[in-house]
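> Okay, here's the structure, questions in a sec.
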Amino acid sequence: MSHHKKRVYPQAQAQYGQSATPLQQPAQLVPPQDPAAAGMSYAQMGMPPQGAAAPMGQPQFLTPAQEQLHQQIDQAATSMNDMHLHNVPLVDPNAYMQQQVPAQAGMPFQQQQQPLPAQVYGQPSAAMGQNMRPMNQLYPIDLLTELPPPITDLTLPPPPLVIPPEKMLVPSEVSNASPDYIRSTLNAVPKNSSLLKKSKLPFGLVIRPYQHLYDDIDPPPLNEDGLIVRCRRCRSYMNPFITFIEQGRRWRCNFCRLANDVPMQMDQTDPNDPKSRYDRNEIKCAVMEYMAPKEYTLRQPPPATYCFLVDVSQASIKSGLLATTINTLLQNLDSIPNHDERTRISILCVDNAIHYFKIPLDSDNNEGSTDQINMMDIADLEEPFLPRPNSMVVSLKACRQNIESLLTKIPQIFQSNLITSFALGPALKSAYHLIGGVGGKIIVVSGTLPNLGIGKLQRRNESGVVNTSKETAQLLSCQDSFYKNFTIDCSKVQITVDLFLASEDYMDVASLSNLSRFTAGQTHFYPGFSGKNPNDIVKFSTEFAKHISMDLCMETVMRARGSTGLRMSRFYGHFFNRSSDLCAFSTMPRDQSYLFEVNVDESIMTEYCYIQVAVLLSLNNSQRRIRIITLAMPTTESLAEVYASADQLAIASFYNSKAVEKALNSSLDEARVLINKSVQDILATYKKEIVVSNTAGGAPLRLCANLRMFPLLMHSLTKHMAFRSGIVPSDHRASALNILESLPLKYLIKNIYPDVYSLHDMADEAGLPLQTEDGETTATVVLPQPLNATSSLFERYGLYLIDNGNELFLWMGGDAVPALVFDVFGTQDIFDIPIGKQEIPVVENSEFNQRVRNIINQLRNHDDIITYQSLYIVRGASLSEPVNHASAREVATLRLWASSTLVEDKILNNESYREFLQIMKARISK
């Protein structure tokens, strides 16, 4: 318990307590994966303690039915007579190790591997038999009686992947891939396409190969011995779900069932560090990395190369964008990844000409050389040439001082520039020729619409087109084919384009974002940017600094393989789809996610299926690596089991990607129809196929508990700026669509359904550092419990914080008591508090003020995404509010914007969530 006294605001507390509705607690959807959490020991589960090997000395016995099943699988796996795959006995791996390594006299062999008093692997039991596998169970609920919906479900893990320990060589928590790396929409896979089609549930994978901006945070285990074992036929990598056969001399692939030879090197260990094959990372860990040998490398891993293409036209200078960019670069030169000290830098300034800079070595300064920093202007935009290419892309280490010197001079050089033109297209081509030999990143910082040379864009006429069927074709399409065709050239030479667009004017984000979409980059949009607003500078500088300091890998390709019957069919995210199943990333960022759609092409005959994602990459430390992510999933012929194992967050991500594609290629109306139809189809199928009896009229709206947030997420998605009907500036809508198609899952969910916190009555410990059980203080701040995103829970005197992942809104109720206003803002008059994009002032001797600022800082603290949320302070309506207050118009706009994030409410022409459910109920009852 906290010893901090809770500040009580009498009027607010009494009224809030009378009207508050306690949050509903989510039902326990499935048995916990951790036996300890269920009050069971690993021995009771038939599992060894964590970190221990499988039980040893117990050969695996098969029933006649099991032997027949293995024979059928073997015979179907190959038509090659000389492989002798059928009738191969399955042998327990520890039995093999016991035969190979004799125990020392008087000492038991590996005491930690002695058999536990548990079921012997391979012998079916009531819980683990072929026909009685443990599976997730359905928990039916009525959506209409669960209002407001229990939003704590949004933070629950997905339904467990129920894989018995005998299916793993070394059972442990890391033997199957964590949902942080890969999540399947279905954690029980239909055995045939007809069942999948009947379910109306999508089958897809949400993949995030990297979890942090910086690779030194929680890296997966690495194999450095150069031994990479792969299946001869399907080319899958050895993983925790293969089986050793023929006394361990061969291994059976869990993807295609082929028997492969085991390399002798697997059992050759360092005498000073003896290990068995079961200690190898590929056997123990579903997520791991290999140091790639030469055969995986076409050329020496290239140096990380950054080409900064900076807008120096009049608009960029006036807005303060140029000065902000240069200052941020100056402060973060040492943060740019340079692990192998080969990182190279180039800087181009662009207006109606391209300004190159020749940067000499720092050593030349010390030797009295006359070689100086020179600027070379190229005005021929049709065929721009490179005046001195060898001295314009320079080593960050060898030229560090001169790069800094150049950056300090650039604002002075262009401070009086009156040119309004910005030749982005020719500048991109010049940068392409400059770094095309090795590849790298082109980072564009622009405050002006490209209006000169190839790729010239014009302002589109939005009047009469916004919120019509023509919006996609005329406002969200690419205005000039250059921005798509150029990405093809970039992909061939391993170049990524990132965009930082900051302007008070139209930027045509819809056209420009194609540069990053197809080169594995990102588009960052800062509407209304002004260097006079410190909050704009902080947001841009923070995100730009985190972006250029983020670790990256070059020359990257990613492929997902499925076991027999599974095939990857569609791919969503920012990359170049080089072939039918190969996704190419010139550079792979650390803050994006990807979605692959999976088809069940043929009937799956096995009880378990597998997905393996392989990422081949070059790191900034001159290493070529392969990251492997392996996922095992049970299969089923039961529609109820499919529904019981559906992952509502992954399904929401799937339909989000589909809707973004539909909005960009067809129309926003079709995207909204797709979103709503996804809910209707699932509800109708559940009612028809799962519910035992149907009653007319007052029938409940049934769904399983693990999917009860799905209708809420889809309804909220239709109110997102990317999809909602109404007048939305095309730049804002295009930027919103761009964000949705690449956000990691947890931030996507927050973007769709914002977190809302009540601050005026938060718990005593909220806003204070978290304390461990030992009483030690951590850097993590305790957050209040979130509320449902509806104004019906807002009190007129309360203080609320809304976090949608992009912005923070601090809503101060118009009738808040003076004590609360003073504790937060240091003034008792609510009409004196700052409004709009502001920061909360520091109020001395106010613990409550400190706690509120701590919460805001905690919400902004990310090590896996570069976003920094600006804070908007909103004053709620009040009967005592002056009619002609100076900020009345701004306040009204802010209230409308903040209210649009309360997605359970009726917003403009969109119905409330309760009304949405009633509409769905009426549709499926027809």
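Backbone N, Cα and C atoms are what each Cβ position is placed from, and that goes for glycine too.
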> Can you dig out which of the ranges 231-256, 309-334, 621-646, 647-672 Swiss-Prot describes as region 'Zinc finger-like'?
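Within the set 231-256, 309-334, 621-646, 647-672, Swiss-Prot attaches region 'Zinc finger-like' to 231-256.
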> Under Swiss-Prot, the annotation region 'Disordered' belongs to which of these stretches: 1-54, 541-594, 811-864?
1-54
> Across the whole of the region 'Zinc finger-like' (231-256), what does the mean pLDDT come to? Round it, please.
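Overall, the region 'Zinc finger-like' (231-256) comes to a mean pLDDT of 95.
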> Take the Cβ of Cys256 (Zn(2+) binding site) and count every other Cβ within 10 Å, whichever protein chain it belongs to.
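I count 17 other Cβ atoms within 10 Å of it.
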> Per 10 Å Cβ neighbour count, which of the binding-site residues Cys231, Cys234, Cys253 ranks highest?
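When each Cβ's neighbours within 10 Å are tallied, Cys253 leads.
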> By DSSP, how many residues in the region 'Zinc finger-like' (231-256) are helix, how many strand, and how many coil?
0 helix, 7 strand, 19 coil
> Taking the recorded Zn(2+) site as Cys231, Cys234, Cys253, Cys256, identify the other residues of that chain whose CB atom sits within 8 Å of the mean position of the site's CB atoms, giving them in sequence order.
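These residues sit around the Zn(2+) site: Arg232, Arg233, Arg235, Ser236, Asn254, Phe255, Arg257, Leu258, Asn260.
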